[in-house]
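A.B. asks: Dropping the structure in here first, questions after.
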Amino acid sequence: MCLTKDLNLLGSYETGFDMEKSIYNILTIDRWGSLNHMDYRQARLRLVHGKLALKFLKWVVKQPGLETDHIVQLVCITTHILVRARMYDPARHILKELSLMSGKSSFVFGALMTTYRLCNSNPSVYDILIRVYLREGMIQDSLEIFRLMGLYGFNPSVYTCNAILGSVVKSGEDVSVWSFLKEMLKRKICPDVATFNILINVLCAEGSFEKSSYLMQKMEKSGYAPTIVTYNTVLHWYCKKGRFKAAIELLDHMKSKGVDADVCTYNMLIHDLCRSNRIAKGYLLLRDMRKRMIHPNEVTYNTLINGFSNEGKVLIASQLLNEMLSFGLSPNHVTFNALIDGHISEGNFKEALKMFYMMEAKGLTPSEVSYGVLLDGLCKNAEFDLARGFYMRMKRNGVCVGRITYTGMIDGLCKNGFLDEAVVLLNEMSKDGIDPDIVTYSALINGFCKVGRFKTAKEIVCRIYRVGLSPNGIIYSTLIYNCCRMGCLKEAIRIYEAMILEGHTRDHFTFNVLVTSLCKAGKVAEAEEFMRCMTSDGILPNTVSFDCLINGYGNSGEGLKAFSVFDEMTKVGHHPTFFTYGSLLKGLCKGGHLREAEKFLKSLHAVPAAVDTVMYNTLLTAMCKSGNLAKAVSLFGEMVQRSILPDSYTYTSLISGLCRKGKTVIAILFAKEAEARGNVLPNKVMYTCFVDGMFKAGQWKAGIYFREQMDNLGHTPDIVTTNAMIDGYSRMGKIEKTNDLLPEMGNQNGGPNLTTYNILLHGYSKRKDVSTSFLLYRSIILNGILPDKLTCHSLVLGICESNMLEIGLKILKAFICRGVEVDRYTFNMLISKCCANGEINWAFDLVKVMTSLGISLDKDTCDAMVSVLNRNHRFQESRMVLHEMSKQGISPESRKYIGLINGLCRVGDIKTAFVVKEEMIAHKICPPNVAESAMVRALAKCGKADEATLLLRFMLKMKLVPTIASFTTLMHLCCKNGNVIEALELRVVMSNCGLKLDLVSYNVLITGLCAKGDMALAFELYEEMKGDGFLANATTYKALIRGLLARETAFSGADIILKDLLARGFITSMSLSQDSHRNLKMAMEKLKALQSNKKD
């Protein structure tokens, strides 16, 4: 301190030593006021002076009335004193307080600068200030001090500059290291080796290894020899960037430069190699250390032991432990924990426990980590008895059981189904004052979801909210996945929406799970729309996403849509997998596009490894199901030619196809031949096919034989086999034989299943055994089996067959109320029955129910309703049904429209009939000439000859060719009205239209002529008919005989008729007499008898 004040009152002190002694005495007794009366002079400061300055500062700041500026000045003076007295730590502390008190770095610098010359200080005070700022992470402030120092002609030391450089690099501040270096050189601050080390580290971190090598060369040329730190820095980055060859070359370069690698160098290299899963090379470096006489330490061995343990090579890790012990090195917790974890991962609990006890024998107390590793491994491998023992041991030894250990145990218990014990452990965890985290709760939720206890999982989610946590993305994904797995798709979507609202990031796993579930539920269009929405939200579908959607369309048989998605998939750059191709082929096969499927399979042979046994099996199975066995056998041969070996499924598919076609004997021979060649072994599925085929063929004894053969070969018949037998008995009408099969089903996967009951229900329903059907339905409910649409159909079928239609409707309503799916076939059956019984209103009510359930009308339903409505003269309702069919894209049969036109004409509503005719033409139900002809016939049938004739002429004028039936009907009306000549004129018109008479037309004209007594012309037509290749029927002969018998005079035609009747076998020669009239009467009786028998 350089204060020069003279006070006359203390002039008696003659020497400097006496003055110093007096000041010291006054200061030590805290009589600060006496200092104002003393005379000062310049002297070198020592440690004691710094201490006194601090003591004085503490006294001053406690004095009242001091202004901030005075305090700052005193603090700065004290800092200068401390720096000159080399008391750097107190100086740092004061500067830290001053920087916090003042805020701005420029203010602190200015305050120090103001007192700098007063105290004859030195620049190191600013070095300390810079380091204070760096230690507090205030890099910008340190750079500001560096700048201000330059303005006043001061330079910090190179060590301070290195500290700034190092801090800038670590912090990642937006400050250029190279700009700072340039400023250093500009201010002639000479860099040292440490400076170069920092710069080399920066270049290596950026991957600029060439520049770092150049800098090292520049460093050497400038007289700075790279140290071990320099080389270690470069080696570290070589290893981190995977340039291990360059690292080894640098090691050799170090040796050539006389810089020996130390144990830290090798430890760093080994650590980086192990982290990059190159543990074998790390072990070679250990051997290299030995050769270079560098002794590995505990860190070296721990790194390698941990690396080998993580890689599953615990035996090598154990050998390294023995080597470590042989060199006198002491393994620590890290060593044993790695070995315990390694042995546990391999499932070798005996060795893991040996390591644990060895650790204790070495005097090392197992830590929470040691126990945690052991407990986690034991729980994962379901060794819960051992785990419980070590858990209690931790408690006894006072080792704190932490959150990670508890979570590991809870996770292991949950994964192995010990959920209640997991909950108990959770409660113990809370009692120990350890709050479960989101990972702990996630393990519990996953465990409960896995076993289907979804309600409990949701309760745990509520508990998460109660403790102030929020479910993370993993928990949401777990809930969504398990909801989808259990078929609760609506709940899964609701959870997904909650996940979005919570702001969690959607991942591909959750996305693909939802897409797959939507496809499985048959909602493939919704799945595609969901994928579009995800794409618009920025989550692009991956290959799995596209595969899920293509598979969905494939399963539903929508091959074209599957290919559309495939095109989009390839367009965005995703490569199809063998699963993609399989789904596309499946889509074509299920959609019935077998020819296209065959072509697609052939094209896939050009794609490497795309065609395998599964692909061929897909197409072969589809061919078998479609009944195209020849093609299936051809595909089988093609497989063998292409060296694609058929598997058990291939043979089973072919055998099943043959059995379905009733070629069970061929299937058996094929199976025996394949078995003899060693291509396939007899299996349960194969014999089930034989049993099913034999029973369906009515060969129930042969079916029983194959059932017994299954037992002899050790293939226990399952419920599928028994169901095949029950179905066979039911089809043969021998359903009573199933009573012997039902008791033995108790041992087959829990007894009769829904398929069993449905088969029995259908069988008893066809027999109209309603009471047994209801007993079977009661058994379904009592056994906890959910009925399906087939159950409903079979039960309603029996009731309908028993003419209890009203009860059938009530049962249908009950099924719908219970949420059972009812199919279109059940509705069609009931609607047809309602229509047949004349209960049209009931039929319409059923149609309304169908519509409300989203089941559209089909052609069979509509046709049945139209027919009954027409019969009951409810023509307006009939038109409504026909219109509804058109709206739904169902093309009604033309005969339904024709029936409606006939009915309308019959009741005299000609105007509406013409409207319906126009609708037929407009909707393209049939060609215009057919529609117009139908109108002609309808008018003729209701006796409106003039209108019919007028319409016929209009048709001819419009160049529309009437049908033969319309001409025939009009000719029949003419003949009926006695206008045979007009009928014959119509025949001429027919001929002009290019139409020929058919058998009915000939019969109409012949009957009309006979009725008029014109037998000559009638027989002329008869001969013409025979010439056109038509064989006369009973109607023809009866008309001719009736005409002949009505004649009073003989006619030669009688002999012709009798001769033809005799030739055709209608009469015999034994029954003929000489009287033609009598013979004709006898022939008439014979013909009447024949027609009567035919009607019966």
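Just so it is clear, glycine is given a Cβ too, placed from its N, Cα and C backbone atoms.
The structure displayed is predicted, hence computed values, not measured ones.
Dumping what Swiss-Prot says about this protein:
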REPEAT    157-191  repeat 'PPR 2'
REPEAT    262-296  repeat 'PPR 5'
REPEAT    297-331  repeat 'PPR 6'
REPEAT    367-401  repeat 'PPR 8'
REPEAT    472-506  repeat 'PPR 11'
REPEAT    507-541  repeat 'PPR 12'
REPEAT    542-576  repeat 'PPR 13'
REPEAT    647-681  repeat 'PPR 16'
REPEAT    753-787  repeat 'PPR 19'
REPEAT    788-822  repeat 'PPR 20'
REPEAT    963-997  repeat 'PPR 25'
REPEAT    998-1032  repeat 'PPR 26'
A.B. asks: Over the repeat 'PPR 16' (647-681), work out the mean pLDDT and round it to an integer.
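C.D. replies: On average, pLDDT over the repeat 'PPR 16' (647-681) sits at 77.
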A.B. asks: Hey, which bits of the same chain come close to the repeat 'PPR 5' (262-296), Cβ under 8 Å, at least six residues off its ends?
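C.D. replies: Contacts of the repeat 'PPR 5' (262-296) (Cβ under 8 Å, skipping residues fewer than 6 from its ends): 228, 231-232, 235-236, 239-240, 242, 244, 247, 251, 303-304, 306-308, 311, 313, 316, 327, 329.
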A.B. asks: Using DSSP, break the repeat 'PPR 19' (753-787) down into helix, strand and coil residues and give each count.
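C.D. replies: Each residue of the repeat 'PPR 19' (753-787) counted once, the result is 26 helix, 0 strand, 9 coil.
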A.B. asks: Summarise the repeat 'PPR 11' (472-506) by DSSP state, stating how many residues are helix, strand and coil.
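C.D. replies: Secondary-structure composition of the repeat 'PPR 11' (472-506): 26 helix, 0 strand, 9 coil.
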